[in-house]
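Quick look at what Swiss-Prot lists:
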- 1-20: region 'Disordered' (REGION)
- 30-50: transmembrane segment (TRANSMEM)
- 62-82: transmembrane segment (TRANSMEM)
- 100-120: transmembrane segment (TRANSMEM)
- 137-157: transmembrane segment (TRANSMEM)
- 169-189: transmembrane segment (TRANSMEM)
- 241-261: transmembrane segment (TRANSMEM)
- 289-309: transmembrane segment (TRANSMEM)
- 324-344: transmembrane segment (TRANSMEM)
- 371-391: transmembrane segment (TRANSMEM)
- 402-422: transmembrane segment (TRANSMEM)
- 495-515: transmembrane segment (TRANSMEM)
- 527-547: transmembrane segment (TRANSMEM)
Amino acid sequence: MSEELAQGPKESPPAPRAGPREVWKKGGRLLSVLLAVNVLLLACTLISGGAFNKVAVYDTDVFALLTAMMLLATLWILFYLLRTVRCPCAVPYRDAHAGPIWLRGGLVLFGICTLIMDVFKTGYYSSFFECQSAIKILHPLIQAVFVIIQTYFLWVSAKDCVHVHLDLTWCGLMFTLTTNLAIWMAAVVDESVHQSHSYSSSHSNASHARLISDQHADNPVGGDSCLCSTAVCQIFQQGYFYLYPFNIEYSLFASTMLYVMWKNVGRFLASTPGHSHTPTPVSLFRETFFAGPVLGLLLFVVGLAVFIIYEVQVSGDGSRTRQALVIYYSFNIVCLGLTTLVSLSGSIIYRFDRRAMDHHKNPTRTLDVALLMGAALGQYAISYYSIVAVVAGTPQDLLAGLNLTHALLMIAQHTFQNMFIIESLHRGPPGAEPHSTHPKEPCQDLTFTNLDALHTLSACPPNPGLVSPSPSDQREAVAIVSTPRSQWRRQCLKDISLFLLLCNVILWIMPAFGARPHFSNTVEVDFYGYSLWAVIVNICLPFGIFYRMHAVSSLLEVYVLS
């Protein structure tokens with residue numbers, strides 16, 4: 001000890017040579033986050049203020065802000081496409097996990113529906129141009145241009161890991177993300193106000209009050225000339241309200257892809273970052289029992305019929321409304337119960353699955369898990385409020401029992417489905433066996449599941465029962481070493497994924513296109529009061545709707561990776 005003190009402190013050994021160093025990201029990211037927070041709070045203030053008649057903020061102010069934001073975001077996207085990516089070594093890496101084909105395909109589909117909605121909006125506001133501000137006609141036109149440019153940008157650049165113009169790219173991506181969130185909030189608020197006025201009209205024998213109130217707010221002296229009285233105007237009005245769900249999903253899909261791009265700015269990737277999202281075209285639609293797709297399609301068709309019956313009967317007299325609610329709750333209880341059991345069975349199958357876990361850094365998967373867990377909170381909140389209202393405040397009749405069962409199954413279904421999806425996303429691809437800590441194990445205890453494993457026989461001790469396969473009989477060897485149990489598990493997981501996917505699609509369609517049993521069933525309205533219950537539903541339900549569509553995207557990925 002004394003000799004060491006006399007010699008003085010030893011020099012630390014030189015650090016090993018590392019790869020290219022990443023630039024310090026905290027400054028640019030912090031600036032972009034602060035920019036997004038401030039812009040989002042401003043947009044949220046105007047949008048929420050414009051939803052109330054007593055607040056002196058008009059919808060024209062909201063349209064003006066959204067139009068300005070879309071113009072600025074479009075200018076930055078054009079700068080990125082025409083200048084940033086054309087710099088030398090601007091995109092040295094591309095993230096294979098980001099922007100899978102089904103996510104970009106869904107973005108294009110929802111973008112097309114958003115363009116149709118913009119056409120309907122333009123036609124609707126042009127029907128009484130003399131009573132409207134010019135910004136109401138300019139806004140859908142600018143939005144159409146923004147959707148076209150942004151969709152192309154995300155299609156070609158979703159996988160980019162940019163290494164030039166870092167601060168500008170961080171701020172531009174975050175501002176574009178904020179623009180999409182502001183558009184989403186405006187659409188959600190507009191649809192919620194429309195639903196609230198529809199409920200008020202059905203309970204007060206008044207006419208459709210929302211359009212009239214908006215028109216008189218814009219031009220109090222306009223008189224009857226501002227009424228949407230023509231058949232074409234009515235078609236435009238109903239059309240763009242029914243297309244709002246697609247606009248909402250487009251904004252959320254774009255926001256998730258922009259966030260992954262923001263995380264990938266300045267990122268260095270290893271040469272083998274784990275499994276890819278790209279499936280083989282041969283195995284994409286094979287190796288299923290077809291029980292899951294058939295049962296899922298059956299529930300989908302029945303769900304559409306139930307939804308149509310509900311929409312037709314719920315606005316009738318008391319007995320027809322009660323009958324519609326019983327049919328609606330009964331179908332949802334069956335669907336939620338089956339999806340809960342199927343999700344639980346999928347998690348049980350994973351207990352016998354020997355595929356290795358994928359621990360590589362993956363911003364896309366991290367975001368998927370966070371969105372699944374966060375979006376489920378909205379439906380959790382509605383369900384717990386319903387449970388309290390049913391247990392504490394109503395007589396126990398058939399409708400109350402169905403409502404309580406529906407709320408409990410909704411909680412269970414979200415919980416077990418999230419467990420199944422999250423565990424599936426963290427599994428490696430088929431054939432990825434977990435690495436053993438003892439590399440030299442007896443060969444008789446191994447089961448090989450791919451061709452590469454056959455070439456590792458030389459590292460094992462000689463065994464008379466195993467022979468080195470020749471190229472001519474490799475196909476026969478694969479048939480010998482492939483275990484039927486693993487094949488059976490893969491088929492079950494594919495069927496489970498397809499069944500859950502189809503069920504989540506119909507469970508998305510019902511609330512997204514106007515099914516509101518929360519207000520038709522007066523249990524919660526009587527217990528909490530309409531004002532409080534409307535706030536709870538209008539805040540939480542959009543997250544529940546988004547959960548369904550995001551679960552569809554994740555389940556499609558689970559199906560491909562199974």
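Just so you know, glycine gets a Cβ as well, placed from its N, Cα and C.
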Surrounding residues of the transmembrane segment (100-120) on its own chain - C-beta under 8 Å, 6+ positions past either end: 140-141, 143-144, 147-148, 151, 154-155, 158, 235-237, 239-240, 243-244, 246-247, 249-250, 253-254, 256-257, 277-278, 553, 556-557, 560
Residues from the same chain, set at least six apart from the ends of the transmembrane segment (402-422), whose C-beta lies under 8 A from its own: 325-326, 329-330, 332-333, 336-337, 339-340, 343-344, 346-347, 350, 369, 372-373, 376, 379-380, 382-384, 386-387, 390-391, 496, 500, 521, 523, 547, 551, 554-555, 558
Residue numbers, six or more beyond the limits of the transmembrane segment (289-309), whose CB comes under 8 Å of its CB atoms: 324, 327-328, 331, 334-335, 338, 342, 491-492, 494-503, 505-507, 509-510, 513, 515
Same-chain residue ranges lying at least 6 outside the transmembrane segment (527-547) that approach it to Cβ under 8 Å: 188-189, 192, 195-196, 199, 245, 248-249, 252, 371-372, 374-379, 381-382, 385, 388-389, 392-394, 414, 508, 511-512, 516, 518-519
Segment-segment contact (the transmembrane segment (169-189); the transmembrane segment (30-50)) at 3 or more Cβ pairs under 8 Å: yes
